[in-house]
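Some notes on the structure that comes next.
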Amino acid sequence: MGWPAMAEQGDPRRGPRLSGVTGPARENHRTTAFELFFDLVFVFAATRVTVLMAREHGVHGLFQGFLLLALLWWTWEAFTWLGNQARADDGVVRGGMAVASAAVFVMALTIPEAWRDTPGGLDGPLVLVGAYVLVRALYLAVRFAVDGAAAESGTAAGDDEGARRRLGLSLATLLAVVPPLVAGALLGGWAQTVLFAGALAVDRAGTHLAARHGGLRVGDAARWSERHGLFVLLAIGESALAAGVGAAGRAVSVPLLAGVVLGIAVAVCLWWLYFDVVAPAAEHRLVRALGVIRVKMVVEGYTYGHFPIVAGVIVTGLGVQGVLARAGEGVALGGFYASVLYGGAALYLGGHVLFGGLMHAVLSLPRLLAIGALLAGLPVAIALPPLAALAGLALVLVVLVAVETTRYAEQRRDLREA
């Protein structure tokens, strides 16, 4: 694949302000507190998708949830690209992201009503679409201001035709997706699902073209890796907190406490599997890459490859929430919660396998075997009591962690010393 890229920015000093708009991003500029707040709002919206999935309680609801997760993820990615080019805690970028945060929070509140409006208030699906379009329009406005100021200042961020092509393609894509989103919100049901899926496909196609032909640049590879790692961390933390909702209002009991301990064990394993070796190894690989290769790794490994990782965390959290809500009951966990519990973890590990293949051109055999074990154990988990099913998931993940701790001990040591 051909990924056009401009020359890397190597000046570690803070660059000049872009005609009063903002300061350009520089090497070794770490994620700011404001960006962390911005990410937290997006993660909160993503975890709200589990409310919709749990209410619909079926395949259609899961598909609806994944569509909303995808819309949120690609929107967040757009602002992440912006933050890699200009300081997010300064000038017009900060103002635009602040307003976008409010709009994303509105999206979060309306997500449970995305397909089924609650009578007595504003139309939930239309409010959701309106807030989404506002966020995307804000991104384009800020992007236009930053690119224009960069061109006027003569900095590297604005001296190529690719920036204008990228902005034009992004605007055309937004204009193309608004009609099906609005029509879907008005029609509801399966028609809304089909129209939303079509809008997402058009959005992805337009963004892919913008990435291929828009002269993308990744100036600070370490910061890019850090930003995505923080999003994964926030997703794990928010999912663990959301799972606690399943225990709300229940009397404290031994089964409930056992479920909480098992749920935290699962969350810790998810954290370890990403942050112990995977994240630092990918960051080292990305830092060493230059030009076109670096851009290709970022687009494929982070922008696309991290979506199943984040979605897997959120769906697994929904499964843990269902277990805690039923802890101590003598009934079987059932098909829905067993599927999201084991399927979510398998999706998470599958995202890791994909990410490793894109970044290092290798496949992780232990994680492939763990995915196979989870999928093979799913029919059994359906018939098991909730706590037993959760214990089975925790066992698979703990064994995987133990195997990789031994298998990759030398690589881990090298990464720590690098």
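Each residue, glycine too, has its Cβ placed from N, Cα and C.
Those TrEMBL annotations? Automatic predictions, nothing curated.
Lifted from TrEMBL, the feature list:
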type	residues	note
REGION	1-25	region 'Disordered'
TRANSMEM	36-55	transmembrane segment
TRANSMEM	61-79	transmembrane segment
TRANSMEM	91-111	transmembrane segment
TRANSMEM	126-146	transmembrane segment
TRANSMEM	167-191	transmembrane segment
TRANSMEM	230-249	transmembrane segment
TRANSMEM	256-275	transmembrane segment
TRANSMEM	304-324	transmembrane segment
TRANSMEM	331-350	transmembrane segment
TRANSMEM	370-403	transmembrane segment
- prompt: For the transmembrane segment (370-403), what are the same-chain contacts with Cβ under 8 Å, counting residues 6+ beyond its ends?
  reply: 255, 258-259, 262-263, 265-266, 269-270, 272-273, 319-320, 322-323, 326-335, 337-339, 341-343, 345-346, 349-350, 353
Query: So which of 126-146, 230-249, 256-275, 331-350 is most in touch with the transmembrane segment (61-79), counting Cβ pairs under 8 Å?
result: 126-146
Field: Long-range Cβ neighbours of the transmembrane segment (230-249) (under 8 Å; 6 or more residues past either end)
entry: 31, 36, 39-40, 42-44, 46-47, 50, 76, 256, 259-260, 263-264, 267, 270-271, 274-275, 279, 306, 309-310, 313-314, 316-318, 320-325, 327
- request: Six or more residues out from either end of the transmembrane segment (256-275), which same-chain residues have a Cβ under 8 Å from its Cβ atoms?
  value: 229, 232-233, 236-237, 239-240, 243-244, 247, 250, 309, 313, 316, 320, 323-324, 327-328, 345, 348-349, 352, 367, 386-387, 390-391, 393-394, 397-398, 400-401, 404
Message: Under 8 Å between C-beta atoms and at least six residues away from its ends: which parts of the chain pack against the transmembrane segment (331-350)?
response: 53, 57-58, 62, 266, 270, 273, 308-309, 311-320, 322-323, 367, 370-371, 374-375, 377-378, 381-386, 389-390, 393, 396-397, 400
